[in-house]
Amino acid sequence: MARMAVSVLAILLASCAVAAASFDKEFDVTWGDGRGKILNNGQLLTLGLDKISGSGFQSKHEYLYGKIDMQLKLVPGNSAGTVTAYYLSSQGPTHDEIDFEFLGNVTGEPYTLHTNVFTQGQGQREQQFHLWFDPTNDFHTYSILWNPKHIIFMVDDMPIRDYKNLEGKGIAFPKNQPMRLYSSLWNADDWATQGGRVKTDWSHAPFSASYRGFKADACVVTAGGRPRCGASVGTEVAPGTGAAGEWYNQELDLTRQQRMRWVQRNYMIYNYCTDPKRVAKGVPAECSM
């Protein structure tokens with residue numbers, strides 16, 4: 001009986017470690033004058049957009065490497081002109097940033113999933129995708145795995161992009177600047193939909209995006225500036241006892257590389273490495289590697 005009780009306790013503790021964190025404990029709604037709301041005892045967050053303002057939130061913690069998961073349900077119907085941004089970023093003119101942005105579209109036309117990586121203030125590493133499902137019908141999980149060797153973008157655990165650390169080839173990689181997690185819903189009808197040709201139809205406002213299931217297995221930067229690894233956000237470990245999880249050394253195995261190539265072959269609609277305008281000025285170094 002004692003052995004069984006210990007086993008049950010271990011299962012319960014493991015379940016707690018991976019449970020979704022509470023939004024009110026992990027995030028601050030930072031702008032929007034009430035258009036961003038934390039609901040359902042901290043298990044749901046919604047952002048709103050109308051003609052006056054959008055809204056946004058940010059994490060209370062900063063991270064230096066980690067695996068971040070968030071479930072999103074995007075603006076339904078005619079979402080043209082709207083952008084739902086979900087990204088990690090540091091601050092300042094030489095900031096690092098890892099972006100998911102969801103560009104809305106007219107009813108019946110697909111969202112564009114826009115990804116980008118900034119290093120030391122330099123971006124322009126865009127890859128864009130259509131999705132293989134309707135992201136407005138239900139929640140789907142969008143993940144960033146950031147470790148010393150890779151930045152891997154995932155959708156429902158399907159890898160879609162792998163930005164590798166090529167510092168040995170003289171290409172910068174985010175590794176020294178802690179980043180917060182941010183998200184916002186805002187109007188960008190000057191560029192977001194069909195190059196800005198389709199504007200936001202405010203007769204459909206207010207627009208709303210929903211979030212749940214946030215998890216961060218990450219190295220969290222403490223008040224003293226040092227990262228503390230080894231616990232999912234929302235759980236506690238004794239100081240000095242933690243170690244980073246499997247994500248810290250994770251790479252794509254052959255099967256997952258094949259899945260990523262399948263996505264890129266069938267759903268990628270833009271790649272900065274093959275943009276004729278970019279190529280004419282010289283292919284970025286990482287594109288030839």
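Here the Cβ of each residue, glycine as well, is placed from N, Cα and C on the backbone.
Record features (TrEMBL):
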SIGNAL    1-21  signal peptide
DOMAIN    17-211  domain 'GH16'
ACT_SITE  Glu97  active site, nucleophile
ACT_SITE  Glu101  active site, proton donor
CARBOHYD  Asn105  N-linked glycosylation site
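Locations of recorded TrEMBL features on the structure.
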residue : record                      : contacts (Cβ under 8 Å, 6+ apart)
Glu97   : active site, nucleophile    : Tyr87, Leu88, Ser89, Ser90, Asn116, Val117, Phe118, Gly123, Pro174, Met179
Glu101  : active site, proton donor   : Val83, Thr84, Ala85, Tyr86, Tyr87, Leu113, His114, Thr115, Asn116
Asn105  : N-linked glycosylation site : Ser79, Ala80, Tyr111, Thr112, Thr193, Gln194, Val198
